[in-house]
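Trainee: According to Swiss-Prot:
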type: COMPBIAS; residues: 33-54; note: compositional bias 'Low complexity'
type: CARBOHYD; residues: Asn26; note: N-linked glycosylation site
type: CARBOHYD; residues: Asn32; note: N-linked glycosylation site
type: CARBOHYD; residues: Asn79; note: N-linked glycosylation site
type: CARBOHYD; residues: Asn96; note: N-linked glycosylation site
type: CARBOHYD; residues: Asn106; note: N-linked glycosylation site
type: CARBOHYD; residues: Asn122; note: N-linked glycosylation site
type: CARBOHYD; residues: Asn147; note: N-linked glycosylation site
type: REGION; residues: 32-54; note: region 'Disordered'
type: REGION; residues: 117-152; note: region 'Disordered'
type: REGION; residues: 192-198; note: region 'Required for endosomal and lysosomal localization'
type: SIGNAL; residues: 1-24; note: signal peptide
type: TOPO_DOM; residues: 25-163; note: topological domain 'Extracellular'
type: TOPO_DOM; residues: 185-198; note: topological domain 'Cytoplasmic'
type: TRANSMEM; residues: 164-184; note: transmembrane segment
Amino acid sequence: MSGLSRPLLLAVGCLAALCVITAAGNTTLAPNVTTASSPPPTTTTVPVSPTTLSPLPVTTPAPDICGSRNSCVSCVDGNATCFWIECKGKSYCSDNSTAGDCKVVNTTGFCSVPTTTPTPTNSTAKTTTLPSTTTTSTTATTSGTTNTTLSPTIQPTRKSTFDAASFIGGIVLVLGVQAVIFFLYKFCKSKERNYHTL
C-alpha cells in the first residue's frame with residue numbers, strides 16, 4: 001500500500017466505528033401522554049369574610065339531594081352544591097351556604113370526626129383553594145366533567161438496535177470525502193511531476 005492509502009484506510013475505519021457508536025447511542029423514547037377531553041375549568045372569585053376559615057362560594061340551588069346526607073364527608077365529598085353546616089352543636093347538610101354564625105364546610109379537610117364511611121361517587125370534579133385567615137377572597141375552580149382516572153401508558157423498553165441506513169449513509173459520506181481528498185492529492189502530485197526543473 002502506498003503512504004497515503006494507509007491513513008485513509010485508518011480514517012475510514014475510525015469513521016465507520018464512530019457511525020456505529022453514534023447509531024447505537026441514538027435511542028430516544030417519546031412519552032405517551034393520555035389526556036381527557038373536557039371543557040376548560042371555570043374560575044370564580046368569591047368574597048370571604050375574614051372571621052371564617054372556609055370559603056363561602058355562591059351556589060345555585062339544587063334539588064333536595066343534600067338533605068339526605070347525614071355526615072360531613074358524604075355531604076361535601078360527593079356533591080359540589082352541598083355544604084355541611086355546623087351550628088351550635090347541631091350539624092346538617094344543606095344546599096344553602098348562607099348561615100348566620102354557623103361554620104360552613106365545603107371540603108373534607110375541614111370536617112370534624114366523620115360519623116360514617118364516605119361513599120365514593122363519580123359525579124363532578126371539584127377543586128377548591130383554601131383561604132388563609134388574612135385573605136378576603138378565594139379562588140374556586142370547578143368543571144362540569146366527570147372524574148376520570150388517567151393512567152400513563154408505559155412503553156416497553158427498547159433495546160438499542162443497529163440502524164443500517166445510518167451506517168450505510170455514514171460510509172457513503174466518508175468514502176465521498178476520501179474520494180475528494182484522493183483526487184485532489186493526485187491532481188496536486190500530477191502537477192508537481194509535470195514541472196520538473198532541469
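Cβ atoms here come from the backbone N, Cα and C positions, even for glycine.
Keep in mind the model is a prediction, meaning the values are calculated, not measured.
Situate these features within the shown structure.
Mentor: All protein chains included, Asn96 (N-linked glycosylation site) registers 14 other Cβ atoms within 10 Å of its own Cβ.
In the three-state DSSP scheme, Asn106 (N-linked glycosylation site) is classed as coil. All protein chains included, Asn106 (N-linked glycosylation site) registers 23 other Cβ atoms within 10 Å of its own Cβ.
A mean pLDDT of 64 is what the model gives for the topological domain 'Extracellular' (25-163).
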Trainee: Whole-number answer please: how many Å between the C-alpha atoms of Asn106 (N-linked glycosylation site) and Asn96 (N-linked glycosylation site)?
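Mentor: Asn106 (N-linked glycosylation site) to Asn96 (N-linked glycosylation site), Cα-Cα distance: 11 Å.
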